[in-house]
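To start, the structure under review is shown below, and the notes come after it.
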Amino acid sequence: MTAMKAIVWRLPKMPKIKITKTYEVTKITAILTLVGFIMGLEVPSLATFLTNKTFNEYFKYPTPLQQGLLMGSTPLGGIMGCFICCIMNDRFSRIYQFQSGIIIWNIVTLLNFCIWDILGLLICRMIKGMILGNFSILVASYANEVIPRGKRGSTMSYIQLCLTIGILVMHYLCIALSLWDSHFAFRIAWCIGIIPGLLFWMASYALPESYHWLVLHGKMSEAQEIQHNLAKKFNESQPRDAVPEMSKIELAGDFWIGVNDLDFSKKLPRGSFKPLILGMTLQLLVQFSGINIILGYITYICEIVGLEGNVKLFTSSIPYFINMVLSLLPITFIDYTSRKLITLLGGFPISGLLITIGALFVKYGQDTKPIDGNRSLVWSIGENPFVGGWILTLCFLIVGIFAMSLSSIPWVYTNEMLPSRVKVKGFAICVTFGWLGNFILTFLCPVMIERLKGTTFIIFGSLTFLISLSVLIWFPETKGMSIEDIDKFFEFESKEGTNLHGEKGIKTPDSNSNGGSTRSSQEGQLHKPIKLKSDEEMII
């Protein structure tokens, strides 16, 4: 971790490009959706070629363990990227992190064209995974800081929608290129990501800096100007849900609350454990729903049920298309519906479908020689096309249910469930836990398919059911709950006067009087100055 910090601290400055800043929610959301599109491109870029003859001959038919490592290298890098985001959070601005990350993405994307062995492919995918892991926290944190509360859900839904569009576009590109019997086919596919990468790099200069981050660095005048511009633009389009223009004193409240603190050397305040466990449980629900396995290894499932050639390739594209189309629906209701209800309406049906798929595989599956030399595929139900059709239909149904429920809701649900003082740090922990679960399942999936066969789906279905049951019993409904209600529900820091950093009292100026109001404790009072840009001090 110390070595990683030393590298991060020496990052160069970004080139200055004069582009007019935008403060409109729709334009900011449009730019952020490019991040979702970029993240989506990486999902099928390797999976589509895993059963390709040219790919397997070039890389000498990877073993199930090697296949798992290749597929799992991206989420493994994602875990590292989450830690990098936490290290960079305090020192570097949100926009700088976006720009430095996308530059590295573009460089590594070009290097993909020069890959000649499994090790090189593994390293490139891991580095790109680090960028995606960084962005997975960064884009959610930035949206939470800049987008008004009533529009955050739809913003995340648009980002998720563009992620599914990226998956679909890349899948069809890979299908088209796989028809070309040459190693240049997968090389070109892995370089496509530089196009949206360059677009996002240029568009990032139009994004306003997070005024939360500016407050934490004492740049109060700049922070106030950005917050006022964002509020004015939003109020012009949404007068009923007007956002107040905050004073410097109100903005300074974020400093003592510590909402943006990602320093894990500092102890989390009392009451943080339960919401963190619930947030991590939601991430487990997303992973055990089987969506990454179905989307990542759909070509495996097609071959197991007996599909070949172009029929296999185009059938494997159906779940990506379903995922994209049905991801449009949450945008229409995510800001107005029960978080808990939508989560349950996704979790329970998916668990039943997974168990049904596993039961069909167990009953009708038969051992066979490795299909097309792929040592992960040693069983088949090719002699039962009717059963194979049902299995594929159930897989498509799982993808559809997931797209309408678990694709967006858990991210909003987790963010709303976390108390204000640990929202960013808690969300980072939950996302990191999600990447860890993604890596373990993606890495083990080829081995599980080889050894456990259909039982793999029964295990996923059973765990999804148990997690959904825990959501039903223990999870609160956060729709309509204020920050104070959330803190009260989890008994978060109910002892008056203790803040995130273990400080026992903070003195804040009272805007309604000449004096000040003091948050006191048994150990006395604490005055904490913020250095302002104009060399003045504000005591909070």
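Cβ atoms are placed via backbone N, Cα and C, with glycine included.
Per Swiss-Prot, the feature topological domain 'Cytoplasmic' maps to 1-29, 89-101, 148-158, 209-275, 335-341, 407-428, 477-540. Marked as transmembrane segment by Swiss-Prot on the basis of sequence analysis: 30-50, 68-88, 102-122, 127-147, 159-179, 188-208, 276-296, 314-334, 342-362, 386-406, 429-449, 456-476. Per Swiss-Prot, the feature topological domain 'Extracellular' maps to 51-67, 123-126, 180-187, 297-313, 363-385, 450-455; the stated evidence is sequence analysis. If you look up Swiss-Prot, you'll see Asn52, Asn374 marked as N-linked glycosylation site, on the strength of sequence analysis. According to Swiss-Prot, the region 'Disordered' annotation covers 499-540. As annotated by Swiss-Prot, compositional bias 'Polar residues' applies to 509-524.
Counting every protein chain shown, 20 other Cβ atoms lie within 10 Å of the Cβ of Asn52 (N-linked glycosylation site).
Across the candidate stretches 30-50, 159-179, 276-296, 342-362, 386-406, the maximum count of CB pairs under 8 A to the transmembrane segment (188-208) is reached by 30-50.
Within its own chain, Asn374 (N-linked glycosylation site) has Leu50, Thr51, Asn56, Tyr61, Tyr300, Glu303 as residues 6 or more apart in sequence whose C-beta sits under 8 angstroms from its own. Panel annotation: around the transmembrane segment (314-334), residues 44, 48, 153-154, 156-158, 160-161, 164-165, 167-168, 171-172, 175, 294-295, 298-299, 302, 307, 342, 392, 395-396, 399-400, 402-405, 407-409, 412 of the same chain, lying at least six beyond its termini, place a Cβ under 8 Å from a Cβ of the stretch. For the topological domain 'Extracellular' (180-187), same-chain residues at least 6 beyond its ends with a Cβ under 8 Å from one of its own Cβ atoms are 49, 52, 54-55, 58, 112-113, 115, 174.
Non-local neighbours of the topological domain 'Cytoplasmic' (335-341) in the same chain are 150-151, 153-154, 409, 412-413, 416, 471-472, 475-479; each lies 6+ residues outside the stretch with a CB under 8 Å from one of its CB atoms. DSSP labels the residues of the topological domain 'Extracellular' (450-455) in these numbers: 3 helix, 0 strand, 3 coil.
Between the transmembrane segment (386-406) and the stretches 68-88, 159-179, 342-362, 429-449, 456-476, Cβ pairs under 8 Å are most numerous for 342-362. Away from its own ends, the transmembrane segment (159-179) comes close to residues 29, 32-45, 48-49, 52, 54, 139, 143, 185-186, 188-189, 192, 196, 295, 313-314, 316-317, 320-321, 323-324, 327-328, 330-331, 403, 407-408, 411 of its chain (Cβ-Cβ under 8 Å, at least six residues beyond either end). At the 8 Å Cβ cutoff, the transmembrane segment (127-147) and the transmembrane segment (429-449) share at least 3 close pairs (sequence separation 6 or more) and count as touching. Within the chain carrying the transmembrane segment (429-449), a Cβ under 8 angstroms from the stretch's Cβ atoms is held by residues 64-65, 67-69, 71-72, 74-76, 78-79, 81-83, 133, 136-137, 140, 276, 279-280, 282-284, 286-288, 292-293, 296-297, 300, 376-377, 414, 418, 456, all 6 or more beyond its ends. Non-local neighbours of the topological domain 'Extracellular' (363-385) in the same chain are 50-51, 53, 56, 61, 63-64, 67, 300, 303-306, 391, 446-447, 449-450, 453-454; each lies 6+ residues outside the stretch with a CB under 8 Å from one of its CB atoms. Within its own chain, the transmembrane segment (456-476) is flanked in space by residues 278, 281-282, 284-285, 288-290, 293, 340, 343-344, 347-348, 350-359, 361-362, 417, 445, 448-449, 489, which lie at least six positions past its ends and keep a Cβ under 8 Å from the stretch.
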